[in-house]
Amino acid sequence: MDTARDFTMPPGTIRLEKASSANSTTIILSPPPTSDPHDPLNWTSTRKTVNFTLTLFYVLFTFVLNDIFYVAYTPLVEEIGMTYEVYNIATALGFAGLAIGCIVFMPFSYRYGRRPLYILSVTIQLVAAIWSGKVKTNGELIAANMLMGLGGAISETIVQVTIADLFFVHQYATVNALFLFAQATGASLGPVAAGYVIDGQGWRWMWWWCAIFLGITLIVVFFCFEETIYTAVYEGVPAYTSPDEVEAPKQDPDDTKMTQTTSDQLAAVGSLKKKPLRRRLQLVTNTNTAIKHHFYQPFLMLIKFPAIAYAAITYGSLLALFSILGTVLAAYLTYSPWDFSPANVGLFNVASFVGSLAGTIMVSIASDRLVIVMAKRNSGVYEAEMRLYPAIPGSFITAAGVLMVGLGLEKGMSWVFLAFGSAIFSAGFVLCADTALCYLTDTYGNIIGDALVAVIFVRNGLSVVIMFALTPWIEGMGVQNAFILMAIIAFVILSIPLPLLKWGKQARIKSAATYAHYSMRQPNCRGGI
């Protein structure tokens, strides 16, 4: 396998191909794997697939748990006296839990590894599901919803870090598409199943079934999910160094000898045996890295790197729109002329699933193949902006879907028209979200964990504001005008890739020194930036 990294290039510019013969090229692996068999980048395809499949199941059930609440709207109103205001508060505080939990929990994944955070997340969600099945008051309902958010808070950030642990740049769009598809499947098909459960067994069993599947997920993750953080340790060489302990190198007459010794150690790495299962599944992998700066660093990055701001604004607006569509449709479809039952409200989400599936297929085929073709035409050099092209049609598709849903609700159109609008929106959602995530990962891969904490905080914070403001917004403007305004705002925000195509590389060049600084403050054993 070929690997290369050119440190004269700005972040996000990578030599992706080189000529291997007169008529063929070889893909250069980035980030470059070591010769260590313990390096997750060197794992077999089967081992990577098993681990990432477990990650996708975790994402699936996290989004089922956090997106079925609205299906039980009518039964909750009838049984515990939930009002529309309480419903909005509970939903908003769920997003607040997602925002806060991400900041609180994610830094610990650098000190103790990814595995304990996955286990903790599933455990908290399991408790929240059990509590939700037993709630009797509006206060309990709100508190349980916030606990759900806290439990699922790392579901996006830690998965993106896991992707960076396991996969190479030319694979990011495909695995990100699978991640977004797992999200969309949980968010769209979860309510379908929940609707039938409510009609057949009652709304409490909606939560009991979540508890059962989360319990199974906890057991499988505990016994099968391997740690993906890479902690290479050689004799006398610490795996991580605190950013406060970094000193300028001192001249030493034994430097030549030390360099030779380290080279011999690295050469011997390839002969290391595979870790025993008990070590691969140990609960904690203590890296002894400093994590204090990870609690505030994400917010500094948000204002210093355009790619992070782009991903945050794009992802935040998409989730806010997703929440608005889900909330408004769940409420309106139960009234005339549609008169949907809980089962039918849930079944309506099949349209979102179909749209998400279409978007996943489009982006997985287009994005990774497109960057390889474009890099080949660019003398084998990949520029991060090559990822942005799928977002251009995505902006039109997303705005069109929002507009169709709003007009359909205002005019009392057939549910088929509303479903088609919902499907179009979901396809655009995947296209735009995948593009933003891949662009961020390709550009600032070394700081992806902190970067995503900033992105997810903005994403969920924006949703909190929108959910509190939604009712007076629609009452003041009317459904049609509110959705027309949303579609216009969505189109403008999702068109940010256009200026990035022109000035994105210049921004990356200007941010190179700052990126190098923050990279040195990351628990990165691979070296380089």
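Glycine residues also receive a Cβ, built from the backbone N, Cα and C atoms like all the rest.
TrEMBL annotations: computationally assigned, not manually curated.
Annotated features, as they stand in TrEMBL:
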type	residues	note
DOMAIN	50-505	domain 'Major facilitator superfamily (MFS) profile'
TRANSMEM	52-74	transmembrane segment
TRANSMEM	86-105	transmembrane segment
TRANSMEM	117-134	transmembrane segment
TRANSMEM	146-168	transmembrane segment
TRANSMEM	175-194	transmembrane segment
TRANSMEM	206-225	transmembrane segment
TRANSMEM	307-333	transmembrane segment
TRANSMEM	345-367	transmembrane segment
TRANSMEM	388-409	transmembrane segment
TRANSMEM	415-440	transmembrane segment
TRANSMEM	447-470	transmembrane segment
TRANSMEM	482-501	transmembrane segment
Contact call for the transmembrane segment (307-333) against the transmembrane segment (415-440), three or more Cβ pairs under 8 Å: yes
For the transmembrane segment (86-105), sequence-distant contacts whose Cβ falls under 8 Å of one of its Cβ atoms, 6 or more beyond its ends: 66, 69-70, 73, 76, 117, 120-121, 138, 141-142, 145-154, 156-157, 295, 298, 323, 327, 453, 456-457, 459-461, 463-464, 467-468, 470-471
PLDDT averaged over every residue in the domain 'Major facilitator superfamily (MFS) profile' (50-505): 87
